[in-house]
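What Swiss-Prot says about this protein:
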- K175: active site, proton acceptor (ACT_SITE)
- H294: active site, proton acceptor (ACT_SITE)
- N123, T173, K177, R295, H327, S379: substrate binding site (BINDING)
- K201, D203, E204: Mg(2+) binding site (BINDING)
- P3: N-acetylproline (MOD_RES)
- K14: N6,N6,N6-trimethyllysine (MOD_RES)
- K201: N6-carboxylysine (MOD_RES)
- K334: site 'Transition state stabilizer' (SITE)
Amino acid sequence: MSPQTETKTSVGFKAGVKDYKLTYYTPDYETKATDILAAFRVTPQPGVPPEEAGAAVAAESSTGTWTTVWTDGLTSLDRYKGRCYHIERVFGEKDQYIAYVAYPLDLFEEGSVTNMFTSIVGNVFGFKALRALRLEDLRIPAAYTKTFQGPPHGIQVERDKLNKYGRPLLGCTIKPKLGLSAKNYGRAVYECLRGGLDFTKDDENVNSQPFMRWRDRFLFCAEAIYKSQAETGEIKGHYLNATAGTCEEMLRRAYFAKELGVPIIMHDYLTGGFTANTSLAHFCRENGLLLHIHRAMHAVIDRQKNHGIHFRVLAKALRLSGGDHIHAGTVVGKLEGEREITLGFVDLLRDNFVEKDRSRGIYFTQDWVSLPGVLPVASGGIHVWHMPALTDIFGDDSVLQFGGGTLGHPWGNAPGAVANRVALEACVQARNEGLDLAQDGNSIIRQASKWSPELAAACEVWKEIQFNFKSVDTLDLNEIK
């Protein structure tokens, strides 16, 4: 009889409740290369030892339940159970611990982020013995990574499709996000693309509302793309949001975008769901479409430091599920994002191999085994004065996306796009000539504005706009060197 089906008659069955740590806390366990490893921030209820709390997480997210069951004897728990193998105290926080859990790979369906998350971040997050629980990081083993398609195309293929190299890409979210007619929306797209942007974008909640149905928007945006391409000689795109109420409708919209010949579409991957997102990513690879991903709803999940899921985990999940771009914060704009933490998950999106680095919040070494990379998108409250910092922080393999920072230009949409393109080209040239963007950024922008009236006007409008608020999600004291 195989170990998987062996009946433990010699052990016998004893009903009742026993401590989780007797079965699921195994500090001597040596992790395997095929294990999925998780780092949980655990805040136990008063009186619950950290070992019991960590073991409870391992049990409730794998094979365990609240009482002993006789069917445990029909399988091999040692083969399938999750194990809490290490616990460390979080310095500077009262009664808070990092619990490390190892999961055997056989617990998870191949190629399914949905199944992986249903286990690891499922019912355990409502467990009464814990005051709070947060998933800080995951190590995805190479054996599991290879079961995913990942991004439809990846960074290098996108650059080849667009024929654009050596600089960040420029984008703009059309504003107001709701209320424009399809024709006026298309006009704004055309003006921004003609002015020098690479992309424009539907906002995350632009789907198919009474004021602008999706098919009309797609048609007017396609017209804007082709007209601006003819006038500028550059390849242009607009992120056509295919997110819909059903997967069937989502794919119908994606197919229509393909028929129009546009280069890129968009999906809200958290509100749309991982199953829908993975399906769309497969469609995009099969049909040559790039896929832009918006992270609407992420802050509900990731912003609180003691409960939820850290965005670095959501970013890893997106790379598995599939997307060529994803919003990743700005560090300098209006949205949450501490610099070292942001750079940590930006590397996890782009790079093929990332070493463990607790100073950037990275708990595990991650090998993506040639899974294509994802371009991080900096978006939210940014303008021309931020361009040097953004170019310095995110580097060439990124998308810098200015909504109000384009459409809020006093002379209109096209001049706003011109201002952003001039500022970017000036920063890239200065960097290539050896200047320090962090130190010389303002002088670079001022110098460029002398021969660009559009940039000069933008500099004047936004010279005093700042968002000086402390990040909620910060590094722990024991992570800061």
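Quick reminder: no glycine exception, Cβ is built from N, Cα and C everywhere.
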Check your understanding: Per DSSP, to which secondary structure element type does D203 (Mg(2+) binding site) belong, with helix, strand and coil as the options?
Key -> coil
Point to revise | Greatest C-beta neighbour count within 10 angstroms, which of the binding-site residues K177, K201, H327 | key: K201
Revision key, fill the gap. Keeping only the recorded positions of K175, K201, D203 whose C-alpha lies within 10 A of that of R295 (substrate binding site) yields none
Study note, to complete from the structure: Out of the recorded positions K175, H294, R295, the residue with the smallest number of other Cβ atoms within 10 Å is K175
Practice item. Could you round the CA separation between K201 (Mg(2+) binding site) and S379 (substrate binding site) to a whole angstrom and send it over? Key: 11
Practice item. Can you tell me which recorded positions out of N123, K175, H327 are within 10 A of E204 (Mg(2+) binding site) by Cα, answering none if there aren't any? Key: none
Practice item. Would you identify the secondary structure of H327 (substrate binding site) according to DSSP, in three states? Key: strand
Review point. Here the binding-site residues are N123, T173, S379; which one has the lowest number of other Cβ atoms no more than 10 Å from its Cβ?
Key: N123
Exercise for review: Measuring CA to CA, name the entry from the recorded positions K175, D203, H294 that ends up nearest N123 (substrate binding site).
Suggested key: H294
Check your understanding: Hey, of K175, D203, H294, which of those recorded positions are within 10 Å of H327 (substrate binding site), Cα to Cα?
Key -> H294
Revision key, fill the gap. So D203 (Mg(2+) binding site), by the Cβ count within 10 Å over all chains shown, scores 19
Study note, to complete from the structure: Expressed in angstrom and rounded to a whole number, the substrate site built from N123, T173, K177, R295, H327, S379 spans a maximum Cα-Cα distance of 37
